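Before anything else, here's the structure in question.
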């Protein structure tokens with residue numbers, strides 16, 4: 001290489017050089033950079049990315065979750081009070097129909113969980129459905145998905161608050177206490193439990209929630225033979241009406257729908273690859289719990305006139321009845337904080353910068369930071385308290401939200417993500433599974449909505465006044 005002697009060195013204008021580089025970047029590269037800075041904050045003011053160059057990475061929960069603790073979180077989130085309606089669904093569908101729907105839901109939701117895992121592997125800095133939708137389809141898709149996802153999160157939190165309230169009411173009904181009192185008690189319990197600031201912290205108390213739902217399941221299985229008194233009848237198939245069969249199928253399918261929080265789970269996971277272990281274990285554990293309870297209760301109580309939904313109501317009196325109710329209240333209170341944690345952080349990231357101009361670092365455990373979290377959790381759960389009290393038919397209203405939003409977020413969106421992202425990297429037969437999941441999700445969305453709209457109309461006709469002291473559902 002030759003050097004030109006005596007030629008003065010020219011200085012390089014760094015800013016001009018950088019501008020040239022910026023002008024050469026494609027729109028794809030620019031949109032990717034924007035996607036790397038996505039977060040719960042829908043206005044894009046802050047980033048929740050774990051990219052090492054992200055200046056805001058210290059404002060989000062660190063990656064502390066292992067697969068074992070994530071397994072507890074996923075089980076606690078899925079194995080809820082909804083499991084107690086599955087035996088009644090088996091009575092409606094029969095053995096073949098019940099097992100078929102349960103097994104199909106297990107396999108399909110496991111597949112859509114894998115779709116989200118593959119997306120998280122490709123875009124590890126994305127931590128929510130809203131962020132992934134913007135990454136793939138832009139801001140309109142982000143706002144649309146965020147509205148659906150966080151509305152459903154709010155609906156779940158409100159539903160849990162209402163369930164805890166009515167369980168208190170059922171447990172202490174003979175004392176004729178106003179239902180509003182139990183609303184306040186449930187709100188206070190959930191607010192206090194919700195002070196865990198990350199899903200990792202929540203995972204430590206979720207084990208209690210799992211135990212406190214398994215105990216009623218075991219009690220029902222143990223008491224079913226004596227309650228049925230040998231009169232149980234079971235059938236391989238059922239001649240039920242379309243509407244009844246559809247409603248029963250929805251009760252089973254929606255027991256597996258927890259996907260809208262999977263990106264948040266993976267965002268706190270030490271190793272995203274471990275998500276596959278937790279997914280398989282939690283899905284299989286849930287499937288085993290559902291099938292065991294349904295099979296035992298249906299075998300001994302089927303078509304005796306004693307089957308109830310939830311099935312714990314078959315035990316109507318005595319100490320065991322109260323034990324079941326206490327355990328259900330504790331279970332619902334704890335599991336409510338999983339969705340509540342995500343929703344409260346959305347509220348905090350949206351409104352706190354408007355009030356004080358920014359956020360404190362997550363690792364800041366000082367009094368001020370904890371008081372801010374105490375405030376935003378109080379606002380979040382307080383809003384649920386108001387809505388649950390104002391809408392006397394909310395139990396049926398959440399059925400509509402579940403049919404529309406849960407099927408959309410569990411089946412349609414994950415399939416669409418995978419289909420869009422890996423279209424050019426998969427063979428034709430590899431495209432069949434996401435297409436099948438998408439079609440199943442669309443059918444559940446449309447058919448499920450038909451059944452729940454009918455239930456909603458009936459509930460509105462027989463609803464109480466807002467904040468009624470005599471509310472029963």
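Including glycine, each Cβ sits where the backbone N, Cα and C put it.
According to TrEMBL, the protein carries these features:
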type	residues	note
DOMAIN	64-453	domain 'Amino acid transporter transmembrane'
TRANSMEM	65-86	transmembrane segment
TRANSMEM	92-120	transmembrane segment
TRANSMEM	141-162	transmembrane segment
TRANSMEM	174-192	transmembrane segment
TRANSMEM	204-222	transmembrane segment
TRANSMEM	242-265	transmembrane segment
TRANSMEM	277-301	transmembrane segment
TRANSMEM	321-343	transmembrane segment
TRANSMEM	371-391	transmembrane segment
TRANSMEM	397-420	transmembrane segment
TRANSMEM	432-453	transmembrane segment
Check the transmembrane segment (65-86) against the transmembrane segment (277-301) for contact, please; criterion is three or more CB pairs under 8 Å, pairs 6 or more apart in sequence.
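Contact between the transmembrane segment (65-86) and the transmembrane segment (277-301): present.
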Same chain only, please: residues at least 6 beyond the ends of the transmembrane segment (92-120) with a C-beta under 8 Å from a C-beta of the stretch. Say none if there are none.
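Tertiary neighbours of the transmembrane segment (92-120) are 86, 126, 132, 234-238, 240, 244-245, 247-249, 252-253, 255-257, 259, 262-263, 266, 272, 275-276, 279-280, 283-284, 286-287, 290-291, 294, 298, 410-411, 414-415, 417-418, 421-422, 433-434, 436-437, 440.
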State the non-local partners of the transmembrane segment (277-301) in its own chain: residues 6+ outside its ends, Cβ under 8 Å from one of its Cβ atoms.
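67-68, 70-71, 74-75, 78-79, 83-84, 86-87, 89-91, 95, 98-99, 102-103, 106, 109-110, 113-114, 117, 214, 217, 220-221, 224-225, 227-228, 232, 234, 252, 255-256, 265, 307, 311, 314.
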What else in the chain is close to the transmembrane segment (371-391), if you only count residues 6 or more beyond its ends and a Cβ gap under 8 Å?
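The answer is 154, 157-159, 161-162, 165, 180, 183-184, 187, 190-191, 194-195, 197, 340, 343-345, 347-348, 351-352, 360, 397, 466-467.
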So, taking each listed stretch (141-162, 174-192, 321-343, 397-420) in turn and counting its Cβ pairs to the transmembrane segment (242-265) that are under 8 angstroms, which one gives the highest count?
397-420
Count, for each of 141-162, 204-222, 321-343, 397-420, 432-453, the Cβ pairs lying under 8 Å from the transmembrane segment (174-192), and report the range with the highest count.
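Looking only at 141-162, 204-222, 321-343, 397-420, 432-453, the most contacts with the transmembrane segment (174-192) come from 321-343.
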Taking 3+ C-beta pairs under 8 angstroms (sequence gap of 6 or more) as contact, is the transmembrane segment (397-420) in contact with the transmembrane segment (432-453)?
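The transmembrane segment (432-453) and the transmembrane segment (397-420): touching, yes.
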Apart from its near flanks, which chain residues at least 6 from the ends of the transmembrane segment (204-222) lie with a Cβ under 8 angstroms of it?
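Beyond its ends, the transmembrane segment (204-222) has Cβ neighbours at 69, 72-73, 75-76, 79-81, 83-84, 193, 196, 289, 292-293, 296-297, 311-312, 314-315, 320, 323-324, 327-328, 330-331, 334-335, 337-338.
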